[in-house]
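See structure below.
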Amino acid sequence: MIKRLIVISILLIVGTVLCGCMEQENVGQQNSEAQEKIVLKIFHAGSLSVPFEEYEKMFEKEHPNVDVEREPAGSVACVRKIIDLGKKADILASADYSLIPQMMMPKYADWYVMFARNEIVLAYTDKSKYKDEINSTNWYKILQRPDVKIGFSNPNDDPCGYRTQMVLQLAELYYKDPTIYDNLVLKHSNIKVEENNGTYLILVPKELDVDTNKLFVRSKETDLLAPLEAGAFDYLFIYKSVANQHHLKYIELPKEINLGYYEYADTYKKVALKIIAKNKTINAKPIVYGMTVPTNAPHKKEAIEFVKFVLGHPEVLENNGQPAIIPAVAYGNVPEELKDLVKIEK
């Protein structure tokens, strides 16, 4: 009897040890699998949040070993994270393609692809003042009313913000009314304008100071959506794609000023904007999005695969109200994996 008890006890001890070893082995395998998962970091413009969320889910489904992590922000802020703060990203997607050659090349990038278009519209809600009166011909007059508050993103951080300034300066030329930009922005901020022989240079100070009774400003354009819908201000200058994605009402602006059409490039270039903090001058031009894999990207192979995935699924952009450029136009040392999907320009 005693011998049987001893044998049973030994068997129980051995069984417990074996189970423990198996559990540790399983935990070890799970930890190993978790460690092997690649984190693909993407810095992208806020206006790309909706389509890139779709791309993230689609890409992860096809690549279960990859975890896509997105950091939306103003495009200038995205670039600054890389070139000023030393942060590493696998992909940079900007709402203004020119930021890549102007701010990143050649040290932080050696190629880029132009893959989507957009235009600026004036969005509003049922809470906006004079919503039943405003239209595509009187919008600039409605905005000048003293009880109307307008919103735009910070031109120091976000292309949508500096494009808004360009649109309003172009509006003065289009409507032949030199008071529009003055009354809407210049009188209510420390932004200045210099005029020289029919061309205009908008000067944006390092620290933007605005009259909050008239202007509502946040870092990136998508930060303004919730306040607009809550009635914190009345009208928002924003990309048409974002307005469509969030089911906002909006006024379409004339093609001559909305920065959406190549055929008006010569008109747009009458206006430029200088970001004093970076000593960068940006010419008004048609809105084109750009994407690159930074030279110090931790996971270049997977990053190029993601760019290839985006270029191969333009319908995601189109379905979200953002016209895709087909084929995409690429510049620089374009990776071999992308060459069949792009038109390479010198």
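Cβ coordinates come from backbone N, Cα and C, glycine included.
These numbers come from a predicted model, not from an experiment.
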Swiss-Prot annotation, molybdate site containing Gly46, Ser47, Asp158, Pro159, Cys160, Glu221, Tyr239 - matching residue among Ser75, Ser189
Ser75
Counting across all protein chains shown, how many other Cβ atoms sit within 10 Å of the Cβ of Cys160 (molybdate binding site)?
30
